[in-house]
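Accompanying notes for the structure given below.
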Amino acid sequence: MPDLLTVTGATRRFGGVYALRDVDLDVRAGETHAVIGPNGAGKSTLFKLIGGQLIATAGTIGYDGRRIDRLAPHRRARRGIAIAFQDSPVFHNLSVTENVMVGAHAVTRAGPVAAILRLPRHRRDEVTIRALAADALARTGLTEWADRPAAALPLGQQRALQVARALCGGPRLLLLDEPASGLRGPERTALATLIEQLRADGLSILLVEHDVAFVARLADRVTVLDLGRVIAHGTFAEIREDPAVITAYLGGPR
Amino acid sequence: MGELAQYLVTGVGIGCAYALTGSGLVVIYRVTRVVNFAQGSFSVFAALTVTTLLAAGLPHGFAETLAVLLAGVIGLIVGLVATGKPGTTAQSALIVTLGLGVFAYAVEILLWGDQPRSFDGIPGSVGGIQKHYLLIIGVTAVVLGATALLFARTDLGRALTATAADPYAARIVGIDVTRMGLLAFALGGALGGLAGVLITPVQQVSFDSDVALVVSGFSAAILGNLTRPGLTLAGGLLLGVVQTLVGGYLSTSYQSEVALIFMLAVLVARAGRRDVLEAA
């Protein structure tokens, strides 16, 4: 499988402190790749570098054969990278369907003039977006909630809605930031099932997660960070036996 | 038609200008969190531009439309200057708009002098009411209706609404938040320009007419926390009617006090609950 995302030598410094140092990571087309690590390992920083909310001090990020590390977040979205969870709550002033439709904004072609004048081009776009949204709602099991205000959804459904919104733009790479955090057992299982379904549909997924059981179930490969560096990578079975990983998680002589 | 009815229609007409001004403030504030103190200068600039365009021989309708579009462009420029630099806080941008408003005075006096100007609206009257007031009401209804549709029914409107709810999350889901802010400024500029163009045939305009318009427009908008278009419209109409009634039955010199008292009352009532500008 070719690599869809390639992070090489990613470094991010805040003042004199390295949050991330010389990190390599690759996500193959169609795989689910997890990034784990103790608190302060640099997971969120790495995630933000890939999403574009932070710019790397050094290193490169390639996506689909081109460098994206200097692109603004919305330009990365336009290339097919969608983000869900932690930093992207649902828009509480929109309905469920409207929230999902916002996800297609990045890929619509008709500009503001077409929208203001309601030109035919814009109307065609609206029809397409509505169909995409209906499809995304169906894939995430939210069809019956479609017309509710997003703020009225239970937490589990809000997570599904974030996934639906990310799907509506037709992404190739899905970045999931701590999908399981704050969810109870059944909600967590439902979300894991949904993510498995997305993988089966051919999406590449990069997830940052605390919940080890969640990662064990979903990830094809795992990259382990500690103190801003990669300390191990491989399948879950491989990294579980890795002494460096055990030390990082359980403490002990370094 | 009775005197009261005349005052009511006139008041609603004036109130439409306040509602348009207030809606411009609301559109800009919702998307960018910037209170745009240059809002009134959009109106003045557009109105004075119409006087020039008409003098140059352009027909009515065309001149007004052109001036409103120009106001939209000026709105865009104000937005660029005030918020274009990444990382500018809403508070700094507010101060920049204040500065631009004062700068607009200088430009307007240079171009048009400091004497009040006006131009003709729709001539004639029905039942003692100038027809132009009916035009103001009709155009405002259509434009605010279209604006509501834009926000409710289009991709652009959803992106603007999403940005208003949570700019950080909006950026993450692929919305160019800076662009949305500039579009909001352009839209606010056009709404402000329209207010000025509509009101000038019944109220002369001079470089400092923006103060009266903005005080009333802001009072209307503050009724809806600067975020609710419907309440802004209601507030604008209410203010227009009350001011006209006060002007008609008491004295015209009390008109601007009405807006200030209204604004104070709303602010005092709100302050008891939550910080007005934070509650969105």
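Using the three backbone atoms N, Cα and C, a Cβ is placed for every residue, glycine included.
Taken from TrEMBL as is:
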TRANSMEM  B:6-29  transmembrane segment
TRANSMEM  B:41-59  transmembrane segment
TRANSMEM  B:65-82  transmembrane segment
TRANSMEM  B:94-113  transmembrane segment
TRANSMEM  B:133-152  transmembrane segment
TRANSMEM  B:180-199  transmembrane segment
TRANSMEM  B:231-250  transmembrane segment
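When each of the listed stretches B:41-59, B:65-82, B:133-152, B:180-199, B:231-250 is scored by C-beta pairs under 8 angstroms to the transmembrane segment (B:6-29), B:231-250 comes out highest.
If you look at the transmembrane segment (B:94-113) against the transmembrane segment (B:65-82), you find at least three C-beta pairs under 8 angstroms, all six or more positions apart, and that counts as contact. Long-range contacts of the transmembrane segment (B:65-82) within the same chain, counting only residues at least 6 positions beyond its ends with a Cβ under 8 Å from a Cβ of the stretch, are 24, 28, 32, 34, 36, 38, 41-43, 45-47, 49-50, 53, 58, 88, 93-94, 96-97, 100, 181-182, 184-190, 192-194, 196-197. Remote same-chain partners of the transmembrane segment (B:133-152), defined as residues 6 or more beyond its termini with a Cβ less than 8 Å from a stretch Cβ, comprise 9-10, 12-13, 16-17, 19-20, 23, 27, 121-122, 126, 160-161, 187, 191, 194, 198-199, 202, 229, 233.
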